Amino acid sequence: MQCVQYTAGHCHSCQWLDKSYSHQLSDKQKHLKQLLQETSVTHWLSPVMSKTSGFRNKAKMVVNGSVERPLLGMLHRDGRTVDLCDCPLYPQHFQAVFEVIKVFIAKAGLVPYNVERRKGELKYILLTESRANNEMMLRFVLRSETKLAQLERVLPWLQEQLPQLTVISANIQPTHMAILEGEKEIIFTGQTMLKETFNGIPLYIRPRSFFQTNPDIASELYATAGRWVRELNISSMWDLFCGAGGFGLHCADKETKLTGIEISAEAIDCAKSSAKSLGLKSVEFQALDSTHFALEKAKIPELVLVNPPRRGIGKELCEYLSRMAPKFVLYSSCNAETMAKDIAMLKQYRIEKVQLFDMFPHTEHYETLALLILD
């Protein structure tokens with residue numbers, strides 16, 4: 001992948017851009033094998049490769065510059081703004097959308113927030129696309145509600161220019177800290193979420209719910225989890241840290257008793273919408289802390305699926321799983337180092353198979369799926 005900003009030394013988000021893609025995959029697989037060298041692994045499966053450009057479905061842009069000539073991109077360490085509208089990680093058609101958004105910012109008088117001076121209103125714009133129908137969600141992250149009336153006044157123009165923007169909202173983030181979003185979300189459109197479809201499974205994206213940024217690889221990851229679980233012929237499972245329900249909904253059929261747990265109420269609403277669309281009757285999704293939910297249960301299903309944040313599932317949950325000993329644990333991880341530490345605590349399990357999914361090309365990061373069987 002060629003990147004003008006990387007070559008010029010303006011952006012180094014893709015730390016591995018100088019490596020060939022085959023070299024990147026080789027290094028990631030080697031890293032994963034080193035982390036799991038103390039654990040018994042029956043089958044090492046080949047890594048799942050990504051497209052090397054145009055694979056992201058979401059752009060998170062810092063807004064800077066002036067209200068007349070806003071810049072969308074990132075803040076350099078020296079304080080300069082790097083405009084990333086032509087970033088090759090995004091599909092090419094994002095560029096035209098960014099240009100219209102810049103005009104809208106000027107028309108609405110949304111003054112970009114200046115970190116140094118602590119002045120201005122517009123901090124970020126977040127743009128997400130559904131690959132299922134090409135609809136888009138646009139979020140404006142504002143310091144306050146001061147400019148909402150101005151924003152709403154010019155909104156019809158924006159919707160006329162970009163009819164694919166079916167969900168538009170403002171998030172209010174008043175603190176002067178490196179926090180992406182605040183608690184308050186104001187939705188301006190009748191539609192409140194995007195519909196995505198992976199492998200025939202409807203999934204929904206709401207403004208504040210997490211969703212994978214590489215849909216092709218996410219689709220492969222969910223499909224693989226579904227295949228592995230169906231081969232086990234189980235009748236009950238938990239999907240902990242379930243997000244919008246992607247894993248559990250790919251694994252469950254109409255007879256499977258599935259319980260999905262996720263701290264985000266927005267994500268749980270999305271998961272419930274998906275389950276309803278699929279007509280699943282034995283599925284339950286709850287907005288709870290996954291670890292607390294598990295620790296309170298005296299019985300455990302045949303399979304526990306975990307997809308934790310980067311910190312992993314931690315000692316408490318590992319000790320609980322060791323004590324309760326479900327037949328299977330399916331572990332999906334965005335941080336193989338914490339996953340390896342967790343698996344090392346699950347001493348009575350062996351890894352039946354493990355596979356690397358290259359969710360984040362040109363970086364050291366990757367996703368891992370590991371099936372653990374009670375030995």
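Here the Cβ of each residue, glycine as well, is placed from N, Cα and C on the backbone.
Phe241 is the only one of Phe198, Phe241, Phe328 that Swiss-Prot places in the S-adenosyl-L-methionine site (with Gln212, Glu262, Asn307). Taking the Cα of Cys11 ([4Fe-4S] cluster binding site) as the reference point, the closest of the binding-site residues Phe241, Glu262, Asn307 is Asn307. Residue density at Cys334 (active site, nucleophile): 19 other Cβ atoms are found within 10 A of its Cβ, drawing on all protein chains shown. Here the candidates are the recorded positions Phe241, Glu262, Asn307, Cys334. The one whose C-alpha lies nearest to that of Cys14 ([4Fe-4S] cluster binding site) is Cys334.
Spacing of Cys87 ([4Fe-4S] cluster binding site) relative to Asn307 (S-adenosyl-L-methionine binding site) is 29 Å (Cα to Cα, whole number).
Listed in chain order, the residues near the [4Fe-4S] cluster site other than Cys3, Cys11, Cys14, Cys87 are Gln5, Tyr6, Ser13, Leu17, Leu84, Pro88, Leu89, His362, each with its Cβ within 8 Å of the site Cβ centroid. Excluding Gln212, Phe241, Glu262, Asn307, which define the S-adenosyl-L-methionine site, the same chain contributes Phe210, Cys242, Gly243, Ala244, Gly246, Phe247, Ala267, Pro308, Ser332 within 8 Å (Cβ to the Cβ centroid), listed in sequence order.
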